[in-house]
Structures are given as C-alpha cells and as structure tokens.
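*Asks:* Handing you this structure, nothing more for now.
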Amino acid sequence: MGALTGGPPAPRRPVPRIPIPLMRPGRPADPAGPHAWESLRGWELMLGASTLLPAVFIALEGRPGWEDPLAAGLMAAILPVYLLVGRPAILDEDRRRGVVYVVLLVVLFTPAALLAPSATFALFGLCPQCFMVLAARPAVAVVVVLNAGPALRFLLSRDGWEGTFNFLTVTTITVFFSAVFGVWMERIMEQSEERASLIEELEAQRAEVARLSAERGALAERERLAGEIHDTLAQGFTSIIMLIQAAEAQPDPARHLALAVRTARENLAEARALVAALSPAPLDGSTLDEALRRLAARLGEETGIAADAAVRGESRALPPPTEVVLIRAVQEALSNVRKHASAGRVEVSTTYGAGSVALRIRDDGRGFDPRSRDGYGLRGMRARVEQVGGSLTLTSAPGEGTAVEITVPAGPAASAEGTGAPVPPPGGFRDGDGSGASGGGVPAGTGDTAERRA
C-alpha cells in the first residue's frame, strides 16, 4: 500500500511454482472464469478413453494365452489408481502422492505395453498426467520411461531394422514433442497463475482503497459538521446564555430577552441550513458586505461594544465557498471578542483588491500571546482559509488587542470545499482564546480607495 501512504511500494509477493494449477476447493473464482486446463473433466475423459478403449480392443482380439487378459486388466486398473491416488494428488497439489501415482502408472503401463501393442494408445492420456503432478523435468523423465516400454517391446519383436528405425523415430518424436509441449504449457500456466494472483492482489488493494476512501469521506463529513456546529450553533447558544444572564441582572429584561429569542431563531435557521447543506443564515438573500455589517451590529447590540464594519474598494460578489469562509471567520473572531477580549471597540474591514480580498478584524481588548494558544476554533479558521487558497495572519500581544487578517483569492480559484474544510480535532480551545484566530501566512493586503462605513 505504498501508493496510499506515500512510502515505497510494497514488495511484490512471490508466486509459488505450481506445475499445473487446477480448480481446488476454497480457491476464489477468477473474474473471467476458470482456465480451460483448470477443469479436470477434459483430462479425465482423455485418460478414460485412452486406457479403457485399448483394454477393450485387447480383450476383443481373443488371442490364446494369458498375455492379453493380463494386459487388459493392467490397463483397466489405471482408472482406479487415478481416482484413489492421482486425483487427490492433483487437487491437493501433493507432490509426494504425485510421485506414488506416476510410479504406479509406470508399473501398470509398462508390462501392458510389453504384452499388447494396443496399450501404446494409453500414452495420449498418461503423458499429461505426469505434468499435472510433477514439475517439468521429472515429468519429462517419466514420459521417457513410459515410452521405453513400447520401444522395448518393438525391439524384442525382431521386425527388422527398417521397422525398428521407424518405430524409434516415432517414439523419439513423441517424447520430444511431449517434453516441449509439456514444458511450454507449464510456463503458460505459471504465468496465468501469477497474473491471477496479481489480479487478486489488485482487487484486494482496490477494496482497501474503497474502504479508506469511505472512511476518509466519513471523517471529512464529521470534521465539517464539527466545524459548522462550532462556528454557528455553539456560538449561538453561548450568546443566548449570555443574553439571558444579562437579562436577569436588568430591571427591564425585555431588550435582552428579545435578542435571545432572535439569536435562538437564527440558530434554528443555521441548524436547518446545516442539515440541508445550504448557505449560512447570514448570507441568505444578502451580500457579503451586508452580512458582515449585521454581524458587527449584532455584537454591539448584545455586548455594548462599539462595532464597525467598513468596505474599501469596489465591492463585488465572490465565489460562494469564499464568502462562506469569510462569514465563518468573522463569526469565530467576534465570538472570541465577545467571550474573552474585554474590548471596547471592534472594526471589521473588507478590502477588495484586483485579484484578492483582504478581511481584517481588529479589537482593542486585552490581547494574548499567539504562541501560547492555538485551539480548536483558531485552527479550524485557518483550515477553512487554506482550503480556498487563502492565508491568515494573527497579530496580538497582552494588553494591545488582537488583529486577524485574512487574504483570499477573489476569483474562481477558491475551492468548492471551502464550506466544509476539515477542522482539526479538539485540543484545548475554550471556544475562543483571546479575540481572534491563530494563523500563519502573509499579512493581509490593503487597497485604500473610497471607504464606506456601516
């Protein structure tokens, strides 16, 4: 799985050398079906025909003496030997049993071939059996031994040199082509077995990739939901709690209770948008600038902090993922101001440049040391910004306030995944540390043209 982890590729698994792979119990099916040679039926039919037919012919010749009945009996005994010894050896790939099997074939066939010429036809079925249970070289040696029986009988028959020469020529050609064809077929079968093994390996890797992809997708969705809940619902509930607590301390709590009700309704809208994967509630039917103004005004209404939203440059629509990222960043930053900064003034400024947009959230609160705090919300904000190709810079010091500066592309370079940027797992952030978000990158750009304030 080196291709998945980025490490070196996994070493190739060696494929064991098998003379002739056959269908075995428990073997996974090839997607294209078994190979032609993997079915025993054809080989068994050939073996049965090549042994039983000569046995019948020998028995029907009716020659006097004991030779023909013995030869026919030996030929007929080959099939039981195959069923009891040969077939299990092939199916189980038992090399020792295979050796016993070919020894029995030689013991049965050689006397039959010496006693009756018709027994020679059994070689058509016996030679393939040798390659099924033995490796190439031992199989070739057994084929030579099997052909030695008919050759010896012909030599003992004293049919003259011409007949002897012809028979030896035919026997030599038979042995040669049996050996060459057997070795060639074995190589082809080994390659096929190796390819089948590679296919199984690739299928296993494909299943692993699918599993990892599904897990990654589920993890990304969980991270997206965690970020959305943190940036919307959790902050809304915090605001509701603070408003209700403030209402309890006021002689006329109507204003704070009205704000709490409105915040609860907006939280409900955020929850519905989250379930339906819609745009954030602040952007519903509004431009980005209008949404930022409302967020700043809401902070002032709830806390009494002087909040101002300014726009510099020529305002224009941005890709939806980019607008969502900026809205979430402002929500997170203002939530931190509300809970931790003790600020008297906050400014949210948006600067539209030629190819980028810079967003700055500045407060005059107590500030903090950015090197000592980097929590869930801060890292989540940075992750969102980076997913749309932007950068985030945090400037803060104890007693000097905090400034969060975000720069994002203004064109279609923003990723469609911006609305669901993966958020790092919780690591110690208490719903905001100080009054901004942590980050790194380059400072936000500026563009001092006509300024408009809410």
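Just so you know, glycine gets a Cβ as well, placed from its N, Cα and C.
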*Asks:* Given 185-222, 299-336, 375-412, which one carries TrEMBL's coiled coil label?
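*Replies:* It is 185-222 that TrEMBL annotates as coiled coil.
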*Asks:* Please compute the mean pLDDT of the model over the coiled coil (185-222).
*Replies:* 80
*Asks:* When the domain 'Histidine kinase' (326-412) is classified with DSSP, how many of its residues are helical, how many are strand and how many are coil?
*Replies:* 31 helix, 30 strand, 26 coil
